[in-house]
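Trainee: Here it is, the structure, as structure tokens.
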Amino acid sequence: MLPKIFYLSLLPAALGHPHLQPRLDNGLARTPQMGWNTYNHYSCSPNETIVRSNAQALVDLGLASLGYRYVTTDCGWTVADRLSDGSLTWNETLFPKGFPALGKYLHDLDLLFGVYQDSGIKLCGSPPDNVGSLYHEDQDARTFASWEVDSLKYDNCYSDAATGYPNVNYEPSTSPQPRFANMSRALAAQNRSMVFQVCEWGIDFPARWAPALGHSWRIGNDIIPHWRAIYRTLNQAVPQTSFAGPGQWPDLDMLFVGNDILSIPEEQTHFSLWAILKSPLTIGAALKDDNTSINDESLQILKQEEVIGYNQDSLGVSASLRRRWTEEGYEVWSGPLSGGRTVAALINWKDEARELTLDLPDIGLQFAGTVKNIWDGTTAQNVKTSYTAKVQSHGTILLELQDTTASGQYPTDTFATSTDSSTTFESIYGVTTSFRYNITVKLSEASSSGDVNIQSTASNKTITAQVSASGTEASAQIPLLAGSSNSITIVSPQSVDAITITPPNGTYFPNTAFTTTGDADTVSCGAGYCQPVGSKIGNISTNGTARAVIPATAGTKYLAIDYINNDVAFDSAWDWGSNSRNLTVSVNGNKPVRIEVPLSGQHSELFGPGKGWWDTATIGVLTEGWKDGDNDVVIGNEGGESGFTSYGPDFVGLRVL
């Protein structure tokens, strides 16, 4: 199996290794919650007729039976003042029958009653003012329990006392954690279990504290009604997927499927990624009211049972980003499912339909007995090394892979043909061009002969491998080219059962081996951070680079780049903020390879060590132009002046495979 460095990964700091955090465990949300919410379509203007009509539609359209059961009335349901006894009440003009009656209506439909409140003095969407729960948590929790509420979405507006309770403050004077903790404790004291949805907009890296308080946490700012919001949200999800698990789910925000905002392929991408990242699936479209009905194509996306199954899978492990090809306009996410299955999503970011190929080793596999293409509705059998399919502009190839073999494993009966003493293996994958791949040949029975001959199409040389003392294996180093078109021929007096190939470890070059130019400079980090070096080069820009002379052999080389990015899009999320930074790698003056790296920070951007700028991640990129001997390698941000980010990520080091 390929080492972890081949994929995008996050390097744990010596302090606070990411893992499942202590979590609120009241038996709820063992899988991500599913339902419907008023906000994405009706904004802060809900009413009783709207909620009842859409709730009935959940049942009539077959959505409730698939798991969409939490029905939440978002902002705009209450009034400016509390009752004389200090308790919350509803807007009687909008909800003439009242909230308890609304809850009963939902329960009679076998649905669940969700309400919305705020950890500040007013609800988001004020004015007109709607009173919030700050300083009234215990009383409001009792009220919710008396109304037989099943879930609470708890927002973050008008909450920072030190700055006069502004509508929004993305840099509050203190962490929002204590305010959410107060409501969590108040809910826990009631004789009714309620799902608690922490909606803090990603402030203060809530993945580290929200699981102890609630069942889900918002990973970032609101989703906006634009296709670009999908990319921004996924970039923010990258450092948070490892925190997902039963009872603690990263909330990517409500769905825009069926809102007539996105194309059908875009909706498929949106729904696929939210599902496999284990986000709560909350419909934000108008399903049915006096003026609107959801279109059938979008409805069928929301009802896709296999995709829902990936979201609700009992294993409860989020997919993660495995590789990204920025200039080519695609990337792959994957994760494990119960029953030994794997789910993978290949996203086409380009504005054109085309064919894309998934190399299975990029998701840790070499072979799949069955590959189900969910949106295409096709199934392929006995897929070796690579899978190719057509995909629409902004669409996703969503795959379920079954009966798989780990990467680097090549059984003869699957990958090879034999004649006499010669066995030829096809579809051999190389992540990089190198002469240092390790091959182990497994023989069917013990051999008294001392040698096995190996020929790779990457070289015209025959390599002789000595059989081990047991007589059942022979090992050697062999060359492979980057890609999936390599072949290997084994000549042995004994038949060959299988071969195992592991890629080279490569050589690591820390940032301290690089010289800086222009504005770029070297910065020391706190003990145990900026792993594995302890320092980094910052201020990489169009006129600030990191440069090194690196000895290597000729060919196409895979680089595993250690970087840091905690440039979180808060205010800019409403515009073109993407949570990414632009990085370029140039080898020997050739055209640079460009990659947009996602966030890496796993600590608070406000109060954490290094404000999250000491947390390293690794991303891989394939580079050309290498020659035998010394190579001039430049890490920069070419194009930063042309609409990309002005500064690149901080650079920790790189490994050349």
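Yeah, the Cβs are placed from backbone N, Cα and C, and that goes for glycine too.
Pasting the feature list from Swiss-Prot:
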| type | residues | note |
| --- | --- | --- |
| ACT_SITE | Asp155 | active site, nucleophile |
| ACT_SITE | Asp222 | active site, proton donor |
| BINDING | Glu200, Trp201, Gly202, Ile203, Asp204 | substrate binding site |
| DISULFID | Cys124-Cys157 | disulfide bond |
| CARBOHYD | Asn47 | N-linked glycosylation site |
| CARBOHYD | Asn91 | N-linked glycosylation site |
| CARBOHYD | Asn182 | N-linked glycosylation site |
| CARBOHYD | Asn191 | N-linked glycosylation site |
| CARBOHYD | Asn291 | N-linked glycosylation site |
| CARBOHYD | Asn438 | N-linked glycosylation site |
| CARBOHYD | Asn460 | N-linked glycosylation site |
| CARBOHYD | Asn505 | N-linked glycosylation site |
| CARBOHYD | Asn539 | N-linked glycosylation site |
| CARBOHYD | Asn543 | N-linked glycosylation site |
| CARBOHYD | Asn582 | N-linked glycosylation site |
| SIGNAL | 1-16 | signal peptide |
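What does the local environment look like for each feature on the list?
Mentor: DSSP assigns Asp155 (active site, nucleophile) to a strand.
In this structure, Asp222 (active site, proton donor) belongs to neither helix nor strand by DSSP; it is coil. Of all the Cβ atoms in the protein chains shown, 17 others lie within 10 Å of the Cβ of Asp222 (active site, proton donor).
Around the Cβ of Gly202 (substrate binding site), the number of neighbouring Cβ atoms within 10 Å comes to 29. Secondary structure from DSSP puts Gly202 (substrate binding site) in coil.
All chains included, 23 other C-beta atoms sit within 10 angstroms of the C-beta of Cys124 (disulfide bond).
Sequence-distant neighbours of Asn47 (N-linked glycosylation site) (same chain, 6+ apart, CB under 8 A from its CB) are Leu94, Phe95.
Within the same chain, the residues at least 6 positions away from Asn91 (N-linked glycosylation site) whose Cβ sits under 8 Å from its Cβ are Gly76, Trp77, Thr78, Val79, listed in sequence order.
Listed in sequence order, Ser119, Glu137 are the same-chain residues six or more apart from Asn182 (N-linked glycosylation site) with CB atoms under 8 A from its CB.
With a 10 A radius on its CB, Asn191 (N-linked glycosylation site) counts 6 other CB atoms from all the protein chains.
Around the Cβ of Asn291 (N-linked glycosylation site), the number of neighbouring Cβ atoms within 10 Å comes to 6.
Secondary structure at Asn438 (N-linked glycosylation site), as computed by DSSP, is strand.
The Cβ of Asn460 (N-linked glycosylation site) lies under 8 Å from no Cβ of any same-chain residue at least six residues away in sequence.
A sphere of 10 angstroms centred on the C-beta of Asn505 (N-linked glycosylation site) encloses 12 other C-beta atoms.
In sequence order, Asp519, Ala520, Asp521, Tyr647 are the residues near Asn539 (N-linked glycosylation site), counting only same-chain partners six or more apart with C-beta under 8 A. According to DSSP, Asn539 (N-linked glycosylation site) sits in a coil region rather than a helix or strand.
If you take the C-beta of Asn543 (N-linked glycosylation site) and look for same-chain residues 6 or more apart in sequence within under 8 angstroms, you find Thr517, Gly518, Asp519.
Neighbours of Asn582 (N-linked glycosylation site), defined as other CB atoms within 10 A of its CB across all chains, total 26.
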Trainee: Sorry to bug you, but what's the C-alpha spacing from Asp222 (active site, proton donor) to Trp201 (substrate binding site), rounded to the closest Å?
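Mentor: One finds 7 Å between the Cα atoms of these residues.
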Trainee: With the substrate site defined by Glu200, Trp201, Gly202, Ile203, Asp204, which remaining residues of that chain have Cβ atoms positioned within 8 Å of the Cβ centroid?
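Mentor: Those within range, site residues removed, are Asn156, Tyr170, Pro176, Phe205, Pro206, Arg218, Gly220.
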Trainee: Reported as an integer number of Å, what is the Cα distance between Glu200 (substrate binding site) and Cys124 (disulfide bond)?
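Mentor: Between the alpha carbons of Glu200 (substrate binding site) and Cys124 (disulfide bond) there are 12 Å.
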Trainee: Considering only the recorded positions Asp204, Asn291, Asn438, which fall within 10 Å of Cys124 (disulfide bond) when distances are taken between Cα atoms?
Mentor: none
Trainee: I need the nearest neighbour of Asn291 (N-linked glycosylation site) among the recorded positions Ile203, Asp204, Asp222, using C-alpha distances.
Mentor: Asp222
Trainee: Give the sequence-ordered list of residues that share a chain with Asp204 (substrate binding site), lie 6 or more positions from it, and have CB atoms under 8 Å from its CB.
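Mentor: When sequence neighbours closer than 6 are ignored, Asp204 (substrate binding site) has Ser175, Pro176, Gln177, Ser604, Glu605, Leu606, Phe607 within Cβ distance under 8 Å.
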Trainee: Cβ distance under 8 Å to Asn438 (N-linked glycosylation site), same chain, sequence separation 6 or more: which residues?
Mentor: Ser475, Ala476, Gln477, Ile478, Ile501, Thr502, Pro504
